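Asker: Below is a structure I'd like to ask you about.
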Amino acid sequence: MARAAINALPRAVPRQCTRLVSTARSAQAKRPTAPSPTKFQSQPYQPLVQRRFKFKTVEEAKSRYRSGPFSWKAGLLFVLTGAGLVWYFENEKKRMHSKRIAESNKGVGRPKVGGPFELIDQNGNTVTDQDLKGRYSLVYFGFTHCPDICPEELDKMATMFDLVEQQRPGALNPVFVTCDPARDGPKEMKEYLVEFHPKFVGLTGTYDQIKSMCKAYRVYFSTPSEVKPGQDYLVDHSIYFYLMDPEGDFVEALGRQHSPEQAAKVILDHMKEWRGPLKTR
Amino acid sequence: MGLLSGIFPASEADKRATEVRTGAVAPSRAERQKCWEARDAYFACLDAHGIVDALKDDKAAARACGSESAGFEKDCATQWVTYFKKWRVQDIQKKARLKELEAQGAQKMDVNSDFAPRS
């Protein structure tokens, strides 16, 4: 054991090694001393050829061969670096974790969606954001001339609404807002929505009212600019369901990737977590 | 319906169909359904003849699927016809791209759109 450690000493002090080995052998408990001045002096004058034979004895050379390129310094460096890295990553992991918790509690990053509005429903009655409060609201934007996506999504919304109604009757307002106020008046909205669900609330208004509503909900929509009277056109618009809580704050956006069942579950889960007052029928 | 109820209601139905075609009124659920069926029949014909872009290859499309095209244009609003033809091109491109990505070993992921903080 002691021999192995000694043999593993770096090459810088080969002479000391030899000494140690020889002293240990002869059982002379002498403290290792610096190499003798004569030997030290003679070192620079050693012929180059001799440098190839670093070991004095065969035994020493064999032991050196066995231990390979490893030395206690390399080992120590390896262990220290490893320990350092482990400590650093553990620390960093803890820091990130607590940071994440703090941030989620602060609630930063929740987008500001929604806000006050004043529109008219399919029966010609004025509806404001205050009328929707007290219940959750599921808000969808579209237009009655929509070729494929809106009707599909509205059918989905009807299923979603029925599923929520089964468990929490009257706790959800299903709201459809048109992005095409020029063509979708209360009469058109009424005819359109009754085919999807009799309880759907359809909102329309002037172009400016709809524009500010869409802006508040961060809904993108574009009506073609050069439309002649009587000319048909399509409206490009965002296709998310916006779930708003009973205080009118945005909760979550439900998209095409949610099935009606999944979406209804999401809504019901939010209702379960709601601690404030929630109207029912 | 139109067959049984004489000349006047038939012209009424024609009027309604024209209004739907020009976009004067929004189609009802039944009219939408009819349009989608006509569209699917037309697209099936285009598929059978290997036509991707019915707007660009309009002559080939008219030659191969003339009757289906007439049905499609009769039952759908003109704007919808153009929209669906464009949509078909994009859909074919999208499917091809997805196939390509899948062949390259890409993995499909469900995109979640909620903004709720995760703990």
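Glycine too: its Cβ is placed from the backbone N, Cα and C atoms.
The annotation region 'Disordered' is assigned in TrEMBL to A:23-43. Feature annotation from TrEMBL assigns transmembrane segment to A:70-89. The disulfide bond annotation in TrEMBL covers A:C146-A:C150. The feature Cu cation binding site is assigned by TrEMBL to A:C146, A:C150, A:H237.
For each listed feature, how buried is it and what is near it?
Answerer: Long-range neighbours of A:C150 (disulfide bond) (same chain, six or more residues apart, CB within less than 8 Å of its CB): A:Y140, A:G142, A:F143, A:I239. Secondary structure from DSSP puts A:C150 (disulfide bond) in a helix.
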Asker: Compute the C-alpha separation of A:C146 (disulfide bond) from A:H237 (Cu cation binding site), stating it in Å without decimals.
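Answerer: Given the Cα positions, A:C146 (disulfide bond) is 10 Å from A:H237 (Cu cation binding site).
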Asker: Among A:C146, A:H237, all listed as recorded positions, which has the most CB atoms within 10 Å of its CB?
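Answerer: Top count of Cβ atoms within 10 Å goes to A:C146.
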Asker: Determine which residues of the same chain, besides A:C146, A:C150, A:H237, have their CB within 8 A of the center of the CB atoms at the recorded Cu cation site, and list them by sequence.
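Answerer: Sorted by sequence, the hits are A:F141, A:G142, A:F143, A:I149, A:E153, A:C179, A:V235, A:I239.
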